[in-house]
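Annotated features, as they stand in Swiss-Prot:
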type	residues	note
COMPBIAS	91-103	compositional bias 'Low complexity'
COMPBIAS	112-122	compositional bias 'Polar residues'
COMPBIAS	123-144	compositional bias 'Low complexity'
COMPBIAS	145-166	compositional bias 'Polar residues'
REGION	83-166	region 'Disordered'
TOPO_DOM	1-16	topological domain 'Extracellular'
TOPO_DOM	38-219	topological domain 'Cytoplasmic'
TOPO_DOM	241-255	topological domain 'Extracellular'
TOPO_DOM	277-289	topological domain 'Cytoplasmic'
TOPO_DOM	311-334	topological domain 'Extracellular'
TOPO_DOM	356-382	topological domain 'Cytoplasmic'
TOPO_DOM	404-410	topological domain 'Extracellular'
TOPO_DOM	432-442	topological domain 'Cytoplasmic'
TRANSMEM	17-37	transmembrane segment
TRANSMEM	220-240	transmembrane segment
TRANSMEM	256-276	transmembrane segment
TRANSMEM	290-310	transmembrane segment
TRANSMEM	335-355	transmembrane segment
TRANSMEM	383-403	transmembrane segment
TRANSMEM	411-431	transmembrane segment
Amino acid sequence: MGGDIHLCSMILGKNHLIFLYFANLFGSTLSFLATIITIVFYLVKKYIQNKSFRENPHQYCHQHQYFDSSKLNEINNSGVGSYSSTPISIQNNNNKNNNLPKQKNNEKQPLINKNHNNYCNYSTSATSSSSSSSSFSSTNSGSSYEYQQPQKNQQTLSSSDKNNTIPSTNTKYEIELSIPQFKGNKCGPNCLLFSNIPQIKNALEQKKNPKKIDTLIFYLSISDFIAVSGIIIEQLIIIFNKEISKSIGFCIGERVSIHFGLLATLFWSNCIAYYLLRETYELKPYNIRFVYFHIVCWGMALIGVASLFFSKIITVSNIDQGGSWCSVSSSYQLYFWVIPLFVSFTWNLICYCLIYRKFNKIIGIYGIQSVQIKTIIIRKLSFYLLAFLITWVWDVINNSIFLYEGKCPPFALWILQEFFSSGYGFFNSLAYAVTTRFYSRK
């Protein structure tokens, strides 16, 4: 059976088209509002994080790595005579995310401390093989940090309350840390050290950026917004101005905008599934370059809609005495919508099963009482992938019936497809809101 599958819904529901319009418009309106909220929330959150980083950069060091200065005596008493290019490992018992980028060549691992509510003054000095010098200072909540880069060839690590020092040989980066007293009290066991080591700068820049999954959802929301905006405009024009809806220019314009947004939505959903799968099996955040995702998602969507400008791809079909529908050729619909939809649905289903299997093994080893495991399961397993599967399963069923049985699907399935497929942005935003709420409880 050839032709546009949507003509089936128009023919079957010619006496009840109001239900199709209402289901489609209702789902699109929910998605439109939800995607706007998601996009605005993401941008505001990113702005606040960037502003907070500019004003108080040390708070991101607090989240990055901590230094227990109670280990200082152990280092000094261990008889270490020089601080060579091999760093001294200082463990922290209070932080589970104590992971810095691996060192290269002769770069020493910096010591970064967390200090809560302490009015402390920190001073650091570092030198490199060159004769250049620089300075850095930051002030926040009564705490001041000062960074200088004089010309030195030796490094010492000292504490104001104990004359413990560690001499250093010539290395690429040489750091001096002094921990003074304040108001008769010691500064405390956790103190922050700023340095000019490139790994730390890169880590701090990454720390102030939103989570990668949030960024992926942001771009998914943009593609949803493009699609639902086209759907809403189309429905309103069909209802209030039927003359415009009969023109071929209108058909091409609204089909391009809707199809571009829907294709981009499928590809961004595939990228999210890929990211969650990699992060789950590696048990750590997966470092990605978003430029590749942009090329795949937006590029493939552009290729998909480019052929719509060729002749005989889109035609205006007359429905029931004066009504019209912008019909797409069956071959185009098969290759540029049905096949990508089936592939995306299968890929997301495979990722769902693999992640579910992985977490079943983890729960079997560590027990289901682990709060962290429960949170990860809720976040990664139950929302983003399920949102995709639930919303697009009706489209898959209807296209399967249309292609393999050669007949129009039941009208009730069309109602479900019109609502869920146009409401995909709403369910994505709902998943984003729920996971963000769980983040705040962690």
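Keep in mind that glycine also has a Cβ here, set from the backbone N, Cα and C atoms.
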Contact call for the transmembrane segment (411-431) and the transmembrane segment (290-310): at least 3 Cβ pairs under 8 Å, seq gap 6+: no
Tertiary contacts of the transmembrane segment (290-310), as residues 6+ beyond its ends and Cβ separation under 8 Å: 215-216, 219, 223, 252, 255-256, 259-261, 263-264, 267-268, 271, 328, 332, 336, 340
Same-chain residues near the transmembrane segment (220-240), Cβ under 8 Å, at least 6 residues beyond its ends: 21, 24-25, 28-29, 31-32, 35-36, 38-39, 42, 250, 254, 257-258, 260-262, 264-265, 268-269, 272, 297, 301, 422, 424-425, 428-429, 432
